[in-house]
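Working notes for the structure below.
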Amino acid sequence: MTDHASKNTPSPSGQPQPRQPLRRPRPVRRATTKPPVTTKRPPLGTKQKIGLVLGLVAFLFPFLVDIPNLSVPGERMLAIFLLAIVFWITEPISLTATAVLVIFLEVILISSGAILDPGGGDPALAEAALPAADYFAALANPVIILFLGGFMIADGAEKFGLDKNLAAVMLKPFSDSARATTAGLMLITALLSMFMSNTATTATMFAVVAPILRSLPKGKARAGVALAIPTAANIGGIGTPVGTPPNAIAIAALAERGITVSFVDWMIMAIPFMLVVLIFSWLFISVVFLPKDVKIKIDMTSSWDMSTNAKLFYAVAATTILLWMTEPLHGVSSNIVGFFPVVALLALKVMGGDDIKKLDWPVLWLVSGGIALGTGVGATGLDEWLVSSVPWETMSGLAILALLALIAFGMANVISHSAAANLLVPLAVSLAVSLDGIDTITVAVVVAIACSLGMSMPISTPPNAIAYSTGEIKISQMALVGMVVGSLATALLVFGLPPVWDLLGLLQ
């Protein structure tokens, strides 16, 4: 039977059936599997390979060699300390990985629940060992909560465009000469960096000033404007406890000794210094890089987000900053205040889980590792042993302060500021406690601030790396600004500020 015949075949009712369309057989789909996505591990460089070997050797050394006048827990803590030094300098693993490794090693080697006898056979030392919870507590230290609140505000400012709008509004009065514009850029960058991370502030400001850089002739003028931003970000972070991790590390180290430095106390100590260094930096950059006759035309337009969520964020951020700055009036710790924006912004659904994921958790864990390192150094007596190993008694208090600041400044130029502070601040505080004639608060604050002054190379700090990535700056230019500004600022920090702090009654 043909198709023609089939279409005329009557139905049981006698009516012809409509023609049925021909159906093509469906193609058989073959199961396909996508190849797994693999992330290739970057190979270790020569520096990292050497660091890995040196770190392991340094870690094993205290286990293999009997160290005079140091207890078994102290030897184990020395092994952890040496490993941290080498790994933070050479970075065979990330800085954050080293920080959590420090906590892990402390828990399994020197805590009361250690896999080895924490006292090394001495019942008294075993009984004195801190529980593992004390080392884990570094991950939720009050200073970490303070920083968490600061990060929530910083990320919210970026989410709702508050940072760029503030920069645009505040730059309008400076739209004349290159020097005036650079002054405005540095002032705004420093102000934002007091409450946002230095890295986020630098990235934001470069987005704002991209048209300015393009309007300038290639050469020194562009380099000057590009250098002004990371310099101001590094300096501005000094101004508040939440400005940069070394500040938080110093406050936490002092708190371990029962010494409280409030949010306002820190600002009183740091902001005058910050402003002086900022002005000097602007003068130096202007004279060296910015001719007087260079003009800049700025078209800064702001577009404020006036949604309900944005308004709620503005209110929460303003309330938090106000509470931080009025701590002496209401008596609520800045750490407790720091948790307010976290709770408020999440409860009001202004920010959510995706925003939480974007927070700079590696920095929080890095600071936690430094806090745990300080706890272990103090709990095992390693701090006393390190202090007694150097004839500090033969040096004056000023000489000790100058030496510590110089070491901090030097280290912060070649390793991260946070890593330098993690290593030096706990030791400096232990040293100050054990010696007469040197104030503990002075030592902690000076060493922490000196760590923020290391900015002579692209590797010194992320803001420098961002600025260098623009292609407008030579390393020699960055080194010139970083060394001149950093060296003079360190000298002012050591020789000029402690007497002023003493007169203001900020020291013990």
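Here the Cβ of each residue, glycine as well, is placed from N, Cα and C on the backbone.
What TrEMBL lists as compositional bias 'Basic residues' is 21-32.
Among the features that TrEMBL reports, compositional bias 'Low complexity' is placed at 33-44.
Feature annotation from TrEMBL assigns region 'Disordered' to 1-44.
Per TrEMBL, transmembrane segment is recorded for 50-67 (among others). Residues 44, 74-76, 78-80, 82-83, 85-87, 89-92 of the same chain sit 6 or more residues outside the transmembrane segment (50-67) yet have a Cβ under 8 Å from a Cβ within it.
Annotated transmembrane segment per TrEMBL: 136-157 (among others), in sequence order.
Sequence-distant contacts of the transmembrane segment (266-290) (same chain, at least 6 residues past either end, Cβ-Cβ under 8 Å): 178-179, 182-183, 186-187, 190, 220-221, 223-225, 227-228, 231-232, 235-236, 238-241, 247, 251, 325, 445, 449, 477, 480-481, 484-485, 488-489, 492-493, 497, 500-501, 504, 506. Taken from TrEMBL, the feature transmembrane segment applies to 266-290 (among others).
According to TrEMBL, the transmembrane segment annotation covers 332-351 (among others).
Residues or ranges marked as transmembrane segment in TrEMBL: 363-382 (among others).
Per TrEMBL, transmembrane segment is recorded for 394-412 (among others).
The transmembrane segment feature in TrEMBL is assigned to 441-459 (among others).
According to TrEMBL, the feature transmembrane segment maps to 480-501 (among others). Proximity of distant same-chain residues to the transmembrane segment (480-501), defined by a Cβ-Cβ separation under 8 Å and at least 6 residues beyond the stretch ends, is recorded for 227, 231, 235, 269, 272-273, 276-277, 280-281, 284-285, 288, 398, 401-402, 405-406, 409, 413, 439, 441-442, 446, 449-450, 453-457, 460, 464, 507.
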Tertiary contacts of the transmembrane segment (394-412) (same chain, 6+ residues out, Cβ under 8 Å): 420-421, 423-424, 428, 431, 435, 437-438, 442-443, 446-448, 450-454, 460-461, 486-487, 490, 493-495, 498
Residues of the parent chain within Cβ reach of the transmembrane segment (332-351), under 8 Å, 6 or more residues beyond its termini: 142-143, 145-150, 152-153, 155-156, 159, 241-242, 262-263, 309, 312-313, 316-317, 319-320, 323-324
